[in-house]
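Remarks on the structure that follows.
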Amino acid sequence: MTARSVTNRLGGLAFGGDYNPEQWDEPVWKEDDELMRRARVNLATLGVFSWALLEPEEGRYDFTWLDAHIERLHANGVAVDLATPTASPPPWFTLAHPEALAVRADGTRLVHGSRDTYCLASPAYRSAARRIASGLAERYGDHPALALWHVHNEYGTLCWCDHAAAAFRVWLRARHGSLDALNEAWGTAFWSQRYTSWEQVLPPRATQYHKNPAQTVDFHRFWGDEIIAAYCEQRDAIRQHSDRPVTTNLMLPYDLRLNVWAFARELDIVSSDQYPDANGLDGAAHVAFYADRSRSLAGGRPWLLMEQGTSTVYDGDQVIGKEPGDVLRHSLGHIARGSEGALFFQWRQSRAGAETWHSAMLPHAGPDSRIFREVTQTGEAVAALAELAGSTVTAQVAVLDDPDAMWALEADGLPSPRLDYHAPLAGAHRALWDAGVTADFAHPEHDLSRYRLVIAPSLFLLSDKGAQNLRRYVEGGGTLLVQHAAGYVDERVHARLGGYPAAPLREALGIRVDEYRPLRKEQRITLSDGSHGTVWSESLHTEGAETVASYTHGMLTDSPALTRHRIGTGQGWYLSTHLDDADYGALVGRLLKEAGVEPELAGLPAGVEAVTRHAADGRRWHVLINHTEDTVPLPDPGHDLLTGTTAHELPPGACAVLRGH
Ligand code: GAL
């Protein structure tokens with residue numbers, strides 16, 4: 001079961017989104033049918049938040065209203081992505097099972113009235129979730145309208161309650177084997193934390209001062225596994241009755257809670273949601289960042305953009321409105337990078353409830369609106385791209401991404417509070433995106449041999465296996481850039497002794513770091529090549545590497561800051577500070593050249609995004625997006641699927657999908 005089974009059923013790429021008809025009544029449903037046809041919608045996600053309707057009281061299911069909507073959509077040529085509603089238990093559930101409500105680290109027990117208010121480790125919640133997933137699958141498992149199963153919504157709710165504590169202990173026993181091993185792994189010899197019985201072991205709840213970092217990392221690992229187990233239970237219940245593919249929509253921007261690589265392996269199709277945190281070029285780069293991560297999690301196979309917004313989206317304490325043209329540009333940005341379609345949250349903008357002001361495909365103003373016109377235009381465009389279904393994207397560069405390393409930087413007591421996981425990760429991807437190079441993400445223990453260049457921006461934690469793998473990669477001819485504070489701790493979050501980073505990586509890089517020198521907030525240093533650094537500096541010694549740039553301040557004056565080491569047939573670079581964006585971009589440009597990596601399409605100016613999708617039979621398509629304000633002549637004109645004519649140039653903000661030769 002793959003993405004192909006969905007696109008075969010749809011006869012092309014997917015277009016549509018979350019459909020919540022329970023918010024409306026019959027005349028509106030009739031209008032939905034007509035407008036969905038107009039917008040070329042072919043896939044609707046039903047039932048994401050419908051638990052209260054589907055099971056009005058414990059154990060009594062009512063599927064009649066859902067029957068009617070599925071039949072109506074089917075008659076209208078719209079396939080169904082059927083959700084299990086388990087991300088929002090109804091009020092009766094929480095009253096009947098108050099112990100299943102989530103508890104925060106500070107002990108506050110939450111109450112219903114929002115969504116996602118449950119402890120995933122609670123037995124009552126888990127069995128209610130399994131039961132309703134199974135009931136839905138039994139009823140609709142082989143319905144001809146059904147294209148895809150959508151389990152839950154954006155897993156990621158953590159809990160610190162007693163159920164979580166009990167499940168955490170079971171997980172710890174399995175991981176560590178004995179209490180002695182746990183004590184050793186958690187370094188409980190410090191601060192008198194030695195445990196003498198399993199009952200004493202708790203989730204990292206609110207504490208007086210720093211929590212034990214190994215306990216924090218293990219808690220994240222535990223939840224990463226528990227979330228996957230909860231998903232698999234529903235998936236397996238569905239598989240008893242249905243042969244359609246099963247997925248869950250990953251919320252990658254907040255994947256702090258997910259063990260993404262392991263989770264993705266359990267999904268028949270990787271699907272993800274993406275809401276940009278900026279407009280303009282930064283917004284487009286954000287699209288590319290999450291699309292490339294989704295494709296990488298899918299192992300390069302086609303994946304599906306499950307949700308995006310048409311305009312206003314919430315980003316922390318601010319609301320961002322997309323610019324005119326972004327609906328098409330962002331949809332094609334995802335499709336360019338391997339998505340088998342473009343879906344949205346949600347079809348019709350709510351008139352009441354918590355997301356009344358979140359944009360939708362059909363805004364409050366109705367079809368006579370800029371947003372609906374852009375949605376219709378995008379639906380036409382996606383329909384014209386049917387032949388891309390099943391084609392894939394290849395990359396010559398990888399950025400390393402490891403949830404263990406991310407969780408290690410979530411812990412207390414770090415060598416600097418300014419060490420951050422995501423900013424350097426996004427920074428590395430952005431420098432490659434600016435250079436017109438498509439990047440994959442990869443785990444440090446993956447086989448990296450197909451990449452010419454690998455960048456490790458944020459590997460504070462690096463396993464022994466990962467360190468050995470990176471050395472093998474360099475010796476075998478790869479070009480590797482490792483960035484500051486890498487390999488400082490092992491998988492137990494224990495500091496590496498004898499100099500950083502982990503020994504096999506030190507040998508690959510030909511360096512040894514003997515002291516870390518975090519920079520103060522306002523501190524910006526200059527290197528001998530004129531570039532600037534912030535956040536971090538290190539006293540490092542070359543052990544075979546050459547110095548490319550050195551420090552020019554304080555006790556580090558004249559000591560190496562950026563090094564290069566040739567070993568085997570490859571080279572390992574080490575950058576011991578956080579460079580300013582422009583300087584970092586120049587370094588990445590130099591490494592691309594050294595590694596012989598060219599932009600996807602030559603001859604395009606900066607700001608024109610170009611990605612190629614390849615079919616197994618040799619056909620290919622170049623997806624081009626002009627993010628600049630100028631008309632750009634195309635170096636290699638070709639047949640544009642969007643207009644059906646030969647494209648010679650791209651107007652400002654325009655897109656084209658050219659058949660390659
Ligand atoms: C997603 C979520 C949707 C909706 C949307 C709004 O993260 O899955 O249900 O809340 O955000 O941006």
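Positions of Cβ are set from backbone N, Cα and C atoms, glycine also.
What TrEMBL says about a protein is an automatic prediction, not a curated fact.
Listed in TrEMBL:
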- Glu154: active site, proton donor (ACT_SITE)
- Glu307: active site, nucleophile (ACT_SITE)
- Arg115, Asn153: substrate binding site (BINDING)
- Cys119, Cys159, Cys161: Zn(2+) binding site (BINDING)
- 18-384: domain 'Glycoside hydrolase family 42 N-terminal' (DOMAIN)
- 395-597: domain 'Beta-galactosidase trimerisation' (DOMAIN)
- 607-659: domain 'Beta-galactosidase C-terminal' (DOMAIN)
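In terms of C-alpha distance, the listed recorded positions Arg115, Asn153, Glu307 place Arg115 closest to Cys159 (Zn(2+) binding site). Summary of the Zn(2+) site environment: with the site residues Cys119, Cys159, Cys161 set aside, the chain residues having Cβ atoms within 8 Å of the Cβ mean position are Ala100, Leu101, Ala102, Val103, Tyr118, Leu120, Ala121, Ser122, Leu158, Trp160, Asp162, His163, Ala164. Within 10 Å of Arg115 (substrate binding site), as judged by C-alpha distances, no recorded positions are found among Glu154, Cys161, Glu307. Close to ligand 1, meaning a Cβ under 6 Å from one of its atoms, are these of the recorded positions Asn153, Glu154, Cys161: Asn153, Glu154.
Neighbour count (other Cβ atoms within 10 Å of the Cβ, all protein chains): 25 for Asn153 (substrate binding site). Close to Cys161 (Zn(2+) binding site) in the fold, though at least 6 residues off in sequence, lie Glu99, Leu101, Ala102, Val103, Arg109, Cys119, Ala121, Ser122, each with a CB less than 8 Å from its CB. Taken together, the residues in the domain 'Beta-galactosidase trimerisation' (395-597) have a mean pLDDT of 97 on the 0 to 100 scale. Rounded to a whole number, the distance between the Cα atoms of the residue listed as 'active site, proton donor' and the residue listed as 'active site, nucleophile' is 10 Å. The secondary structure of Cys161 (Zn(2+) binding site), as reduced to three states from DSSP, is coil rather than helix or strand. Of all the Cβ atoms in the protein chains shown, 27 others lie within 10 Å of the Cβ of Cys159 (Zn(2+) binding site).
According to DSSP, Cys119 (Zn(2+) binding site) sits in a coil region rather than a helix or strand.
Cβ contacts within 10 Å of Cys119 (Zn(2+) binding site), excluding its own Cβ and spanning all protein chains shown: 27.
Residue density at the residue listed as 'active site, proton donor': 22 other Cβ atoms are found within 10 A of its Cβ, drawing on all protein chains shown.
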